[in-house]
Structures are given as structure tokens and as C-alpha cells.
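Engineer: What Swiss-Prot records for SER181, HIS207, ASP303 is active site, and it gives sequence analysis as the kind of evidence. Residues or ranges marked as domain 'Response regulatory' by Swiss-Prot: 14-131. Marked as domain 'CheB-type methylesterase' by Swiss-Prot on the basis of sequence analysis: 169-360. The 4-aspartylphosphate annotation in Swiss-Prot covers ASP65 and is backed by sequence analysis.
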Amino acid sequence: MTEFSSKERYTMIRVLVIDDSATMRILLKKLIDKNEHMECVGVAPNPVAAQELLRETRPDVITLDIEMPKMNGLDFLDRIMRLMPVAVIMISTLTEAGSESALRALELGAIDFIAKPKLDFAEGVQAYAEEIYRKIETAGRAKVKKLTRDVPPVRMDAEPPAKPLLAEAGKDGRVVAVGASTGGTEAVKELLLSLPADCPPLLIAQHMPEPFMRSLAKRLDLLCAMRVKMAEDGETLRRGCVYIAPGHSNLTIDATAAGYVCRIVRNAGEAQSDSSVDELFRSVAAAAGARGVGIVLTGSGSDGAAGARAMMAAGAFNIAQDAETSVVYSMPDAAIAACGINEVLPLEKIAGKLMELDGA
């Protein structure tokens, strides 16, 4: 009888590493090959050197550095997503420039990104091992779409258009809570682009580190009719305003005599907790009850499922993005399984349903 290794008993995720740092290439290869469900099928110092490897190895996932000689990661990403779409995870620095580049990569079709460690390089990558494994596993089962049109870059140095400051949201109005993870930045953007300037207040919990959240808020504010900003503790919710949870904190709301206020709960680490969507949803259930609307967008894991159930128990109306338009369906699917969803819709129909509920 033939004996198989533990790796051979599973469908392996084949990973190609492209990074100009020899240290990063060695460490990523070592980490990937330690995981029994993954195999590093090749490493390359730049996209030019990677082109032949890409054809030969046909990887399931690519980890791609952004800043590299000969051809930068964004140009290479644009090319491969048009010609040979594959799940790509970007490797980005935790800086404003790195954050903007990572968000641009997501626009071009990258599945996710991993932030480079700030401190001791080897120790930092070792500490990120579980995140690397989780994101590669998610990318390995993600829905990859071919890039079929030009995606103009957002001019981040532009001034946002003037937007009127609308009235505070009273307790008789709708309050919308949105949760997302993998694939969520583009889903959130599409949702917001479909909403009018006077929509009910939206609160967004998106699994991303702090610098990326600031860049996301700025980018969305330039693109959308509503005001988009980082949520601040104690500020009153207004119509026409989108409040994004800081990457290092959970966002919740409290009810006051006049309306609702944001509450920011700082976490011990640099990232939101794994239950940031649940925390937001539970607070909306308690504060807004039947005037709440919950939206669970594409994402990995089950964050939001328990919170969606709490919102539904309080009388709220909850929407899940459908499998067809989700990059990763885990979060919507978990919320549906928890009996926390009223309606499942393709992404392009969620804004219309939200405005229908706002008028009800």
C-alpha cells in the first residue's frame, strides 16, 4: 500500500513569493513550507524574474511586494489580473504611502494584504505566521475576477468636494451598521457609491490595521456623495455621514435623549478585535432596536453572525451579500446560518434596499 505524507493527503495551496528582499523571501518560504496545507513553489526577486515561474508553476496564490526594482508590484498586478488572474496577497508597509498602495492593489483585484512588521524583521515575520497562514488559506478559496476594464487611480492629494452638514440623526431614523473583511474595501466602496448624500448614518467595521483605515476613509470621502470620516468618541450621528471604525479600536454606539453617539473602545493591540463587527451590531441592537439595519458583506470568518442575530432579535432588518458577488462568503454565510439575516442580495442591490427601508 502506498504511503502518503501528511502534506500529500490534503489539497495543497501552491504559493509563489515575489519580493526584492532576500530575507523576506527566505522567511516567507520557510513559513509556507512549514504549513502542511501549503507549498512554496518558487521565489523571485522581482516581477520580471517571476514571469517564467508564474507560467511554469501555476500557483494558487502569489504574495507580492509593492515596491520592487524593474517593475513595481502594482504594475505587475494590473498585468496578471488582465492576462492570468490569480489570488494575490500584497506585502505592504504600515505607512501612509504603503496604505494607499495597498488600497490601490485591492482596486486592481488583489484579495488581501499583509503589513510588513515594523521592528526586528525576522521576529516580526515569525509573529505574523498565523496571519500569513490565515490569509493564504482564505486567498486559496477566494473568488478571483479577471480585470476587464481600466481602474483610474484616485488622486489622494485632491480636496474632497464640499458636502453639506446634515441634521443629526434622531431616534426615529434608521441607523445602519456594516461589517466586512476580505474583499470588503471594494464592496464597501461600491455600496457607498450607490447611496445618496442624505442617506441614514452608516457605521463601518472593516478588518484592517489603523493606517489603512485612515487611507480608506480619505479615499472614500473623495469618491462618495456622503461625508466619510474616522469615527470619534462622543460624536453625534448625522444623516449623510459614514463613520469608519479606527483600526486599533472597536466602534459602538449609545442612545441619547436626542439621538445616537459613537463610542470608541481602544484594544490592547494595534488591531480591532476579531469580534469588531459583533460588537458594533450588538450596540446597534441595544441602542436602535427596530430602527437598525445590519449589512454583512464579503469576508472570512464568522464575525458579525452573533451580532446580526442580536439585531434581528431587537427587531432590526439585516441584509447579507450573496455568494455570487462575495470574494469570500464565510461572513455572510455564518450570519445566515445563525438565523440573523432577513434578506440575501447581490451587492449592487443592497443600496436600493437600504433606501427603501429608510423610507419605511
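Cβ coordinates are placed from backbone N, Cα and C, and glycine is handled just like the others.
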Engineer: Can you name the residues of this chain that are 6 or more positions from ASP65 (4-aspartylphosphate) yet have a C-beta less than 8 Å from its C-beta?
Structural biologist: ILE18, ASP19, ASP20, SER21, MET24, GLY73, MET90, ILE91
Engineer: Rounded to a whole number, how many Å is the Cα of SER181 (active site) away from the Cα of ASP303 (active site)?
Structural biologist: 9
Engineer: So for SER181 (active site), how many other CB atoms are inside 10 Å of its CB?
Structural biologist: 28
Engineer: Could you put numbers on the helix, strand and coil content of the domain 'Response regulatory' (14-131), residue by residue per DSSP?
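Structural biologist: Going through the domain 'Response regulatory' (14-131) residue by residue, I get 58 helix, 27 strand, 33 coil.
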Engineer: When neighbour density is defined as the number of other C-beta atoms within 10 angstroms of a residue's C-beta, which of the active-site residues HIS207, ASP303 has the lowest density?
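Structural biologist: Counting other Cβ atoms within 10 Å of each of the active-site residues HIS207, ASP303, the minimum falls on HIS207.
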Engineer: Taking only the Cα atoms, work out how far HIS207 (active site) lies from ASP303 (active site), in Å, as a whole number.
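Structural biologist: Rounded to the nearest whole number, the Cα-Cα distance is 10 Å.
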Engineer: For the domain 'CheB-type methylesterase' (169-360), would you mind checking the mean pLDDT of the predicted model?
Structural biologist: 93
